Amino acid sequence: MNALFAWTDGACSGNPGPGGWGVLMRAMDGDRMLKERELSGGEAETTNNRMELMAAISALEALTRPSEITVTTDSAYVKNGVTQWIHGWKKNGWRTADRKPVKNADLWQRLDAAQARHQVRWEWIKGHAGHPENERADELARAGMAPFKPARVSG
């Protein structure tokens, strides 16, 4: 049986500042890789949390049909937000338990819509801990950020 996996990561130089997101996607048949796809992008002025969210959103929006997928992130913010907090936020009109507007509500709503048509299993792993797929997602996020970083002036 084929299985889909995505490893996602966000990066930011300054917080806020230029940022990028990266996704490594794989379709597997047991131990055999059927297909691999890499995605990345970035923004000139953003935050690390927004880039982490964009990575997860981009992975799910890249799927052309309803799918079962395991999304692995090193962001506890994304994992906890999408598996625990989002239900209360939706019930409270996108407000937190203390009635404050949810930060990044635009992206949380987009992530909620993106995952609605899929069966998503969310996993968290420690970042920068030697997981090759997570390291690749990090490289992609940094590549996505690169066009938005100011050029260094040497002299």
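Cβ from N, Cα, C; glycine included.
For 1-146, the entry in Swiss-Prot reads domain 'RNase H type-1'.
Summarising the annotation, Swiss-Prot assigns Mg(2+) 2 binding site to D9, D138 and lists sequence analysis as the type of evidence. In the three-state DSSP classification, D138 (Mg(2+) 2 binding site) falls within a helix.
The Cβ neighbour count for D9 (Mg(2+) 2 binding site), using a 10 Å radius over every protein chain in view, is 32. Among the features that Swiss-Prot reports, Mg(2+) 1 binding site is placed at D9, E52, D74, with the record citing sequence analysis.
According to DSSP, the domain 'RNase H type-1' (1-146) comprises 57 helix, 53 strand, 36 coil. The average pLDDT for the domain 'RNase H type-1' (1-146) in the predicted structure is 97. Report note: the Mg(2+) 1 site is defined by D9, E52, D74, and the residues of the same chain whose CB lies within 8 Å of the CB centroid of those residues, excluding them, are T8, G10, M51, A55, T73, S75, V78, G127, N134, A137, D138, A141. Other C-beta atoms found within 10 angstroms of the C-beta of D138 (Mg(2+) 2 binding site) number 22, with every protein chain shown included.
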